[in-house]
Amino acid sequence: MTNSPAPTTSGVVTRFAPSPTGFLHIGGARTALFNWLYARHTGGKFLVRVEDTDRERSTQAAVAAIFEGLDWLGMKSDEEVVFQHKKADRHREAVQQLLDTGRAYRCWMSVEDLALAREAARAGGPALRSPWRDAPPPNDPTAPHVIRFKGPLDGTTLVDDLVKGPVTFDNAELDDLVLLRADGAPTYNLAVVVDDHDMGVTHVIRGDDHLNNAARQTLIYQAMGWTLPAFGHIPLIHGPDGAKLSKRHGAQAVGEFQDMGYLPEGLRNYLARLGWGHGDDEVFSDAQAIEWFDVKDVVKAPARLDWAKLNFINSQHLHVAEDGRLADLTLKALQAQGAPLPDDAPARLLATVPQVKVGAKTILELAEHCAFALKVRPLALEEKTRNQLTDETVDRLKRLRAQLGAVPVWGLSELEVLLKSFAESEGVGFGKFGPSLRGILTGGSQAPDLNKIMTALGREESLGRLDDALASRA
């Protein structure tokens, strides 16, 4: 995936707007991906805005985690990142415009009266309407108060959603939401509308838990006289059991998936398939996803996290990834585990990865498959291998050693041919010497076919390990 800004050939502008109160959740990552894909598909722009108006809950650690996750996934903003809290003056300016045009009002409701009104609304009564909606100000208009939106009392508000289709809301059920708190801080729905307008956002693609907000935000857009963006509310991600995704379902943060050894391209591919698809295509490149993606094709039903499908998709990307990159990632994973490594571990991994990567689903599995190549001579043989080294087997391995030492080309096909011809010349099945040879070369670690093991180890290391074992039986 390229991180360079896309040339803008359309007026489409999407945005990802996380709240920095925690890690980058895979649900948020998928939202970012859908916005990124749609912007690239249309030749538009993908922007990022940090919605940090809640200063008490927002943390720099969370901001850093979000950007680390986006960077790892390869999705960077095409313009400078916007931090919402820095736009507070602009938000208050918009509220003043609503006050001036009669679309907002000051509310001095007491805490007690507000609690009663909310309780009545929850009990099925009318949506919250402040008695100050049409009342003159109190004797002391400077007393603490909030500013509320003055929404319509009747009629309906239509959200023509790109995913859900037309959704109609009864205005009588939409309360007069607070725009500015008593301390002058703007609220979410107000800030979102102002920022999306000022950033030129044309398509708001987000989780369908925001669908109700779309109606309220539509009314604010209309009151401000601004052009509405297109809304697309995508389904949430559920666990394999259909329940809301939670810790009991396993990893949730993008960083956790990275630590578990998934590749960014594998996770991107998998997340794209959660709620969207292109026919029967399961595995595809970024270029194909960009070509095929349209938010209108996102399904309405919640997607379920499927670990087996994720592992399969990631394995397909791992199998075609560049060997040098995989070797570097494997080395980092081993270092993070604190595993003792030989000085030439990078070279050993580079030689081993091509031979074992097809059997791995993640970088962590790849590290396990490479373990045999990182062992330092002399290897400690398992009891099973020692028991296999009978006098007959040792003599046979000595004859094999002589042929291996004379093979002119040390390669996969050459070693495969040699092993087959040796078994034929000995008049025995492979089982008479193969298991013991495997144990000698790997020390009992998981490993691929013998010709791949020896190709990964190279001539000198393979013969050295065999010589060590034969010498121990001398």
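The backbone N, Cα and C atoms fix where each Cβ goes, and this holds for glycine too.
Checked against Swiss-Prot, the range among 18-28, 150-160, 271-281, 425-435 recorded as motif ''HIGH' region' is 18-28. Per Swiss-Prot, the range carrying the annotation motif ''KMSKS' region' out of 134-138, 209-213, 244-248, 264-268 is 244-248.
On the 0 to 100 pLDDT scale, the motif ''KMSKS' region' (244-248) averages 74 in this prediction. Counting residues per DSSP class in helix, strand and coil order gives 2 helix, 1 strand, 2 coil for the motif ''KMSKS' region' (244-248).
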